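In what follows, a single structure is set out as structure tokens and then discussed.
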Amino acid sequence: MLVVGQIRLARVCLAALCGGALAVAGVALQGVLRNPLADPFTLGISAGAACGASVAIALGGVLAATLSAPLAALRLPLPGPAALVPPAALAGALLALAGALWLGRGDGGFRRESVILAGIAVAAFLGALVALIKALNEESVTSIVFWIMGSFQGRGWDSLPLLLLTLVPGLLAVGMGWRALDVLALGDEQAAQLGLHVGRARLWLLAGASCMTAGCVAVAGVIGFVGLVVPHVLRLVLGCGHGPLLAGAFFGGGVLLVWADVLARCVLDGGQELPVGVVTALVGGPFFALLVRRRT
């Protein structure tokens, strides 16, 4: 019973929250950017988290030693190198987001094309930094690659506060902006005529969706296709109204990722498990291709 409460239940809760948040972020970003291929990692968030985590993995011992004196002065416990990875990933993701938004901001506010291009540029630069870290620290390559592929292995209740710290404000920001998403779908000019401050609404929704994504990546690594597939499937069932779509996405994304995590644990023998990001890519990739094929 202790194992169920401490390990299994914690993994289920984390997977459900991450899956729901990624799906909601996907709905928000597709609505804000009006791009059906937008997903929670469009703005380079995954690359930023991967870069932060790679630095923590490669230099974990050095970082722990550096923090030992300040933490001892504050009478706080010294974290191990592995405990530094989620906060470092979160910091990297948020810095990447800030960089993409700063680069994509023009005189007239946030333009969709500029934000997408800025995200691509940030992701390319940070991806090169991750490759450099792996080349300079070959001992950490396996750990970095496994983390980037996404997994809930070894995650417990101690990961929940960090996740909730980003999920709660992100969900509130996106949930309160569902009407703005409906108005933005009409186009920027008509949205402005209806009284919506387009730049402010876009920034609010981008920040909320990206904050949720950063928390999920910090806890579980990069898990693709949840924020891309779930919104498209639910639009076929619920329509394009963002109120029910956001609620359905949170539930559908949570269910999808929980079952993907169960499948990741059961496929291999001998106590080994696949990264859950591999499972979502193997299942979501062909499914999304079929979905696109049916709609064209």
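Any Cβ shown, glycine's included, is placed from N, Cα and C.
Taken from TrEMBL, the feature transmembrane segment covers 12-33 (among others). Sequence-distant neighbours of the transmembrane segment (12-33) (same chain, 6+ residues past either end, Cβ-Cβ under 8 Å): 39-40, 42-43, 112, 115-116, 152, 155, 159-160, 163-164, 167, 170-171, 174, 177, 181, 184-185, 202, 205-206, 208-210, 212-213, 215-216, 219-220, 223, 226-228, 230-231, 242, 245-246, 249-258, 260-261, 276.
What TrEMBL lists as transmembrane segment is 45-71 (among others).
Annotated transmembrane segment per TrEMBL: 83-103 (among others), in sequence order.
Positions annotated as transmembrane segment by TrEMBL: 115-136 (among others). Tertiary proximity for the transmembrane segment (115-136) is limited to same-chain residues at least six positions away from its ends with a CB under 8 Å from its CB atoms, namely 33, 35, 38, 41-44, 46-48, 50-51, 54-55, 58, 92, 96, 99-104, 144-145, 148, 206.
Taken from TrEMBL, the feature transmembrane segment covers 157-181 (among others).
Under the heading transmembrane segment, TrEMBL lists 201-230 (among others).
For 242-262 (among others), the entry in TrEMBL reads transmembrane segment. Within its own chain, the transmembrane segment (242-262) has Cβ neighbours under 8 Å at 11-12, 15-24, 26-28, 31, 152, 171, 174-175, 178-179, 181-182, 185, 223, 226-227, 229-231, 233-235, 276, 279-280, 283, counting only residues six or more beyond its boundaries.
The annotation transmembrane segment is assigned in TrEMBL to 274-292 (among others). Within the chain carrying the transmembrane segment (274-292), a Cβ under 8 angstroms from the stretch's Cβ atoms is held by residues 15, 146, 148-152, 220-226, 228-229, 232-233, 256-257, 260-261, 263-264, 267-268, all 6 or more beyond its ends.
Packing against the transmembrane segment (83-103) from elsewhere in the chain are residues 43-53, 55-57, 60, 63-64, 110, 114-115, 118-119, 121-123, 126, 147, 159, 162, 166, 203, 206-207, 210-211, 213-215, 217-219: each is 6 or more residues past its ends and has a CB under 8 Å from a CB in it.
For the transmembrane segment (157-181), the list of distant contacts is 6, 10, 13-14, 17-18, 21, 24-25, 27-28, 31-32, 86-87, 90, 196, 201, 204-205, 207-212, 214-216, 218-219, 242-243, 246, 250: same-chain residues at least six beyond its ends, Cβ to Cβ under 8 Å.
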